[in-house]
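Pulled from Swiss-Prot, these are the features on record:
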BINDING   E441, D514  Mg(2+) 1 binding site
BINDING   D514, D516  Mg(2+) 2 binding site
COMPBIAS  400-414  compositional bias 'Basic and acidic residues'
DOMAIN    435-549  domain 'Toprim'
REGION    400-422  region 'Disordered'
SITE      K466  site 'Interaction with DNA'
SITE      N469  site 'Interaction with DNA'
Amino acid sequence: MEDNNKTQAYDSSSIKILEGLEAVRKRPGMYIGSTGEEGLHHMIWEIIDNSIDEAMGGFASTVKLTLKDNFVTIVEDDGRGIPVDIHPKTNRSTVETVFTVLHAGGKFDNDSYKVSGGLHGVGASVVNALSSSFKVWVAREHQQYFLAFHNGGEVIGDLVNEGKCDKEHGTKVEFVPDFTVMEKSDYKQTVIASRLQQLAFLNKGIQIDFVDERRQNPQSFSWKYDGGLVQYIHHLNNEKEPLFEDIIFGEKTDTVKSVSRDESYTIKVEVAFQYNKTYNQSIFSFCNNINTTEGGTHVEGFRNALVKIINRFAVENKFLKETDEKITRDDICEGLTAIISIKHPNPQYEGQTKKKLGNTEVRPLVNSIVSEIFERFMLENPQEANAIIRKTLLAQEARRRSQEARELTRRKSPFDSGSLPGKLADCTTRDPSISELYIVEGDSAGGTAKTGRDRYFQAILPLRGKILNVEKSHFEQIFNNVEISALVMAVGCGIKPDFELEKLRYNKIIIMTDADVDGAHIRTLLLTFFFRFMYPLVEQGNIYIAQPPLYKVSYSNKDLYMQTDVQLEEWKQQHPNLKYNLQRYKGLGEMDAIQLWETTMDPKVRTLLKVTVEDASIADKAFSLLMGDEVPPRREFIEQNARNVKNIDI
């Protein structure tokens, strides 16, 4: 950020206190989202965000995360260092205040930070409250200070000056989550690395280091992107064939007046985008490094600018007449990869989760900046401008044909309970909150599943063969595909751009395929379809993967089912002298209806894997790589991950 962010002295008076910390351990989910895996990672993000805030303010250049055995988590930066003097309100050291009082932090004082990105603004004190051990070292003017806490924020002694140190300034935090409050689950290296890399892209010039010492051979990662969003777009489009090589980029910092308040804000806008030859849109937006997955006013301003400029150039260059139907926002987004990142001192979000930006003053600002850079690009690059217009016109024509096909289908069979696909064996209940749809590979297994199910709440939809690979297909092909049409009709929500979540007919949509390569391919094809065309179902956790057994072990008139080779080997080691018969299931069709119910469909005993997406941009890149046209990066990915192919996270 600019030098004018380096404002007044950073001392105890900069730390503003809003409320106490008592409720955190009683209701941790209110503060970090959950006590499970997501909440565990959220604790890391809260401490990382404090360091990134320092960097965004221009006070730090390096942030480092280290993971050690036994969940020891260390975050350090070379920022100013937390003030060490006595806080005027608490009469305790400011370091102790920051880590024991909820909402105490420099981010609430506009003179200390111009922008801030803490996920819920609750700060490091919540992490302290949820930690069994919490230590902090502060360097100020080559003096090192130390303070320790335990048992969820109980301070151990006073802040201690440990004397001179090599480091001029900075902060180091070490914590261990308290598993009497948090659920014990591993940190995911892939999730952490992806988020840290994303932060490096969004904050150009900042170095972020990650050291994972939990294994016998420690792994180290380091990211620094002087190109910022331009390098981010290149990274996202690496598996896609670009329409042209140029990445369009612009940035601007401007002071604008708030529409709803009598005050002005200095807002920084960065935008980068590039068209590719796919049919999917990949628009990712951020405010203060927070991924606004539902968009908001910054995305609206971006899209409005593109629509305006493309339509004007289309008319001026005789692609369209003034009286022709104009190119729409859906048309201009086909094959577009874009990043919109803003830094705002007072962001307003719709809802508590910060998924949609609501500041109305942002829309015209982004519109103005994007219009300026995009118009200049179109004027200076007529060949690329024509390629963009032709692509959007092809998208417009495909949209028209798709609309005609949809209308024809609706006239033939308006979607109601009487027009469900013929192969669907629906459930009896009409209560979506308890009903389940099993998508089953093949008519044979579908027949077994129909017999074995609980027909009151379980519906079965058999699919014949592999569905269309939507990553390589145009919307019109997708809509006319028989298997996909049956799936869309059964689910009931439609597909984008006409997706309506409130029409969902089943709370759980369960993919049940064979445990072989073909089954895995069908699962991937279905997941690609859900991600690209029914993303809200993935986002809110409606998609599941069934886990049918791989083995049946029979001994002493007992049958035992196992889902993995690991389970089988562990059982063998525990029963070395037991005589048994072993059956390996090659497919669902080898089980009878009772076995399928008892192992895979009975809610009391079955195992379901919920499909979740930690970060849409990471998943977008994974699907493009695995299901797109580019062979070399897919081969490289498979070679690198061949040994872990059963555990690929997207």
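Placement of Cβ uses the backbone N, Cα and C atoms for every residue, glycine included.
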Coarse DSSP state, helix versus strand versus coil, of K466 (site 'Interaction with DNA'): coil
Rounded mean pLDDT for the residues that make up the domain 'Toprim' (435-549): 87
D514 (Mg(2+) 1 binding site) CB neighbourhood, other CB atoms within 10 A: 21
Structural state of E441 (Mg(2+) 1 binding site), classified by DSSP into three states: strand
Candidate binding-site residues E441, D514, D516, pick with smallest Cα gap to N469 (site 'Interaction with DNA'): E441
Rounded to the nearest Å - Cα separation of D516 (Mg(2+) 2 binding site) and E441 (Mg(2+) 1 binding site): 12
Composition by DSSP (helix, strand, coil) of residues within the domain 'Toprim' (435-549): 54 helix, 21 strand, 40 coil
Greatest C-beta neighbour count within 10 angstroms, which of the binding-site residues E441, D516: E441
Neighbour tally for K466 (site 'Interaction with DNA'), based on other Cβ positions within 10 Å of its Cβ: 14
Between E441 (Mg(2+) 1 binding site) and K466 (site 'Interaction with DNA'), the C-alpha gap once rounded to whole angstrom: 8
Pairwise Cα distance for D514 (Mg(2+) 1 binding site)/K466 (site 'Interaction with DNA') [Å, integer]: 12
Protein Cβ atoms within 10 Å of N469 (site 'Interaction with DNA'), excluding its own: 15
